[in-house]
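Per Swiss-Prot, the features are as follows:
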type: BINDING; residues: C10, C13, C36, C39; note: Zn(2+) binding site
type: BINDING; residues: P123, T124, G125, S126, G127, K128, T129, L130; note: ATP binding site
type: DOMAIN; residues: 1-55; note: domain 'ClpX-type ZB'
Amino acid sequence: MDNNNDLHYCSFCNKAQDEVDKLITNSSDGLKVFICNECIELSHKAISQKKDRSFNSDRISDMKLLLKKPEDIKNFLSKHVVGQKHAQHVLSVAMYNHCQSMVQFHAISDIEIEKSNIMLIGPTGSGKTLLAKTLAKVSDVPFAMADATTLTEAGYVGDDVESVLSRLLQAANYDVVKAQRGIVFIDEIDKITRKSEGTSITRDVSGEGVQQALLKIMEGTVAYVPPQGGRKHPQQEFIQVDTSNILFICGGAFEGLDKIIEARKKGTSVGFGADISQSKEQKKKNALHDVQPEDLIKFGLIPEFVGRVPITAVLDELDHEDLIHVLTEPRNALIKQYKALLAFSKVNLEFSDEAISAIAKKAISYKTGARMLRAILESLLLDIMYTSGNGGFEGSTIVITKKMVELGKATVNHNNNGNVITVND
């Protein structure tokens with residue numbers, strides 16, 4: 001009996017310490033609480049099962065993309081993005097596979113499907129950012145964007161890489177589960193390449209060091225994220241974010257990459273196979289579509305980083321016809337936007353076909369793709385929007401002409417009969 005009094009029992013299952021492998025107690029000097037190894041294992045299983053059920057339930061209810069096929073994704077992209085059919089094709093398959101891998105993340109315990117991050121290569125204004133944003137929209141997931149040139153290693157002035165995840169948390173209204181299914185777009189990734197292929201013996205604040213820092217969150221880890229953006233608020237509590245299912249899309253123009261590709265392929269198109277009729281622009285376009293991981297490494301991305309971005313999509317430079325489509329065709333086409341703005345002031349805004357063509361031609365002269373279209377329209381319509389905003393032109397129709405575009409300013413007025421006339425046409 002005395003021996004029995006010395007026995008300790010599990011406070012949960014009431015088994016004696018000699019009936020279990022291990023009995024653990026709290027370190028408090030007050031009331032002693034004991035738990036055996038069997039109860040610990042049961043508790044762990046119960047928590048895991050509950051977590052898995054809620055995780056899968058969230059996916060079913062929140063991720064609308066799970067019901068979409070690659071064709072559906074591509075159709076959605078094509079409604080918002082002009083051209084870039086190949087890139088849309090690549091992204092639709094990549095996003096479909098990514099979402100399917102998240103479904104299997106808990107469903108299949110013995111198979112782990114690694115995520116495939118994406119690299120978008122294309123000139124300025126070709127639609128890299130728009131594609132990434134639209135992909136997040138069709139996926140119904142939070143989206144965050146960062147400029148790689150503003151990121152620095154820990155210990156240096158600037159934004160640390162965790163600030164990217166902080167923006168994603170904000171986009172998800174601090175819903176961690178939702179943020180962990182989001183999309184992060186890192187632009188200007190080509191600007192943080194190391195200066196040479198050899199290993200640097202000095203600190204590289206905005207190059208290889210940032211690639212190494214990004215690599216950690218891109219490959220999947222539990223990051224400790226400051227909700228307000230790290231270094232400016234060092235005393236705040238950190239939020240744990242698992243990046244395993246966050247899709248990272250990197251984008252860059254990669255000027256000069258075509259020359260690296262051509263150097264690698266040198267000699268393969270000599271003789272009867274050589275096409276000497278191709279223009280310089282066509283040769284560059286064709287070269288980029290043949291990009292290989294070794295070319296990106298030669299450009300200055302570290303091998304480990306390239307390995308974590310296995311999917312590459314090349315975007316072509318937008319030509320005159322493409323820019324006309326950008327102005328008129330997408331659901332949120334720029335001309336549709338400005339017509340809607342003027343409609344609020346009861347003004348009917350119209351553009352002649354020649355005017356639209358002239359706007360596209362002017363944008364091409366700036367060599368920044370579609371980015372200059374809005375600036376051109378803002379300058380062109382400035383006086384009209386000012387006057388209409390003050391009650392002028394109400395009930396009138398204003399037609400933008402080619403000459404207005406060439407002059408860069410559409411000045412209109414009323415004649416004595418109250419009709420709208422064009423002063424500079």
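Cβ coordinates are placed from backbone N, Cα and C, and glycine is handled just like the others.
Comparing the binding-site residues G125, G127 by how many other C-beta atoms lie within 10 angstroms of each C-beta, the top residue is G127. In the three-state DSSP reading, C13 (Zn(2+) binding site) counts as coil. Residue pair S126 (ATP binding site) / C10 (Zn(2+) binding site) shows a Cα separation of 66 Å. Take the Cα of C39 (Zn(2+) binding site) and measure to each of the binding-site residues G125, G127, K128: the nearest one is K128. Other than C10, C13, C36, C39, the residues of this chain whose Cβ falls within 8 Å of the Cβ centroid of the Zn(2+) site are, in sequence order, S11, F12, N14, K15, V20, L23, F34, I35, N37, E38, I40. If you draw a 10 Å sphere around the CB of C10 (Zn(2+) binding site), it holds 21 other CB atoms from the protein chains shown. Of all the Cβ atoms in the protein chains shown, 21 others lie within 10 Å of the Cβ of P123 (ATP binding site). Highest Cβ count within 10 Å among the binding-site residues C13, C36, C39, L130: C36. The number of other CB atoms found within 10 A of the CB of T124 (ATP binding site), across every protein chain shown, is 16. C13 (Zn(2+) binding site) has its Cα within 10 Å of the Cα of none of the binding-site residues P123, G125, G127, K128, T129.
Least packed by the Cβ count within 10 Å, out of the binding-site residues S126, T129, is T129. In the three-state DSSP scheme, C39 (Zn(2+) binding site) is classed as helix. Note: K128 (ATP binding site) has non-local neighbours L120, G122, D187, G251, L315, i.e. same-chain residues 6+ apart with C-beta under 8 A of its own C-beta.
Averaged across the domain 'ClpX-type ZB' (1-55), pLDDT for the predicted model comes to 70. Taking the centre of the Cβ atoms of P123, T124, G125, S126, G127, K128, T129, L130 as the ATP site, the nearby residues of that chain (Cβ within 8 Å, site residues left out) are G122, G251, L315, G369, A370, R371.
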